[in-house]
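Listed in TrEMBL:
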type	residues	note
BINDING	Gly88, Gln89, Thr90, Gly91, Ser92, Gly93, Lys94, Thr95	ATP binding site
DOMAIN	6-374	domain 'Kinesin motor'
Amino acid sequence: DTSVSLSTPTIRVRPLTCTETRRGDQQVVHSLGDGAVHVSAARHDVTFGFSAVFDAGASQEAVFEGSGMRQLVELAIDGFSCTVFAFGQTGSGKTYTLMGPLAQSDTQPASPALLGLMQRSFTCLLEQSRSRGSDLALSASYLEIYNEQVRDLLSPGPPCALPLRWSKTRGFYVENQLSVEFESLETIVSLLLQGSQRRRTSAHALNRHSSRSHALLTIHVRSRAHQPPPTWVLQASACPSRQGTLCFVDLAGSERVKETGSSGELSVEANSINRSLLALGKSWAPAVGALLAPPEPCHILSGSPFAGHCISLLAKPRGKRTHIPYRDSKLTRLLARSLGGSGVTLMVACISPSSRCLSETLSTLHYASRARRVTTRP
């Protein structure tokens, strides 16, 4: 039972947008170097310390190398269940950090310098598999949770809801989900772009390309040892094997309808997003969040400054925990293994430097600061 820590959550500060600049928003977040980030505004003057803070000028490569992402890929190859969470307010740069520019396709790929954590991880995974000489079998699945419906982003045809099941051996799983094998970078990137184009997005006051669903792309890594089997073993398939996973979770951003101006279908989607984030323990409530500092290191590396549901219960000492309500949402059911501490999880907290987003930015930073004591037990 070994503890694994991937240091404190990684913080990424996006640039001010053109709209924010024209509107006259002030930049209230500044990176001071050496893992320090300073927030300065009316009635707020506070500095937070982390192991890695990436300001608006940081490259995608710098984020990949400095966040612990390469280590996570290697752990997945070694058979661990690994998860990457990108979380933050809507429009804070989560999808860009994971994928890079939205305007990319098989025929119009993004510049290599702009590729996100996903594509860089795919490259690292394939390079590691070749250098180790391992017999790796790689496959990918990609789904979204939209209005509490689980939909396969790789399956051809119109999106349809898939049932979420549970078994003693597999835990929670999606029935009839398509898993596609791949051996090249071109194939897995094509799958990523294909699925992302099917994901639900809409425009509102804070984000022209707001994700209206939570997306989970999972790479399954099956490794079979190369040593010859004993003479009494007749089939190579009987060789010892191990299986790891690398899951990228792009959470839809928390929304305040007053700020986004959402109505009609957008309002329904926002309510669904916020309910699932609440179940995860990821609602941005600074006043409540100040009460939630964990009494001792807990066994997750993801969470929220909201005193409720799965994460706040998991933050309690093991002897004082009650029932963990994973079944409160499809999101918490699918992430039960990561939340429960049986995997290795990395957080990437994305924040806006705009004075208009000050409240949400402070909430994200306060939580991420408390998460410094969090470890996992794979």
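From the backbone N, Cα and C atoms, a Cβ is placed for every residue, glycine too.
TrEMBL does not curate its annotations; it predicts them automatically.
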Item checked: Site with most surrounding Cβ atoms, counting all protein chains shown within 10 Å, from the binding-site residues Gly88, Gly93 -> Gly88
Note to self: Applying a 10 Å Cβ distance cut-off over all chains shown, what neighbour count does Gly91 (ATP binding site) have?
What the structure shows: 28
Check: Out of Gln89, Ser92, Thr95, which has the highest number of nearby Cβ atoms, where nearby means within 10 Å of its Cβ, if these are the binding-site residues?
Finding: Ser92
Next item on the list: Mind looking up the mean pLDDT for the domain 'Kinesin motor' (6-374) in the predicted model?
Entry: 76
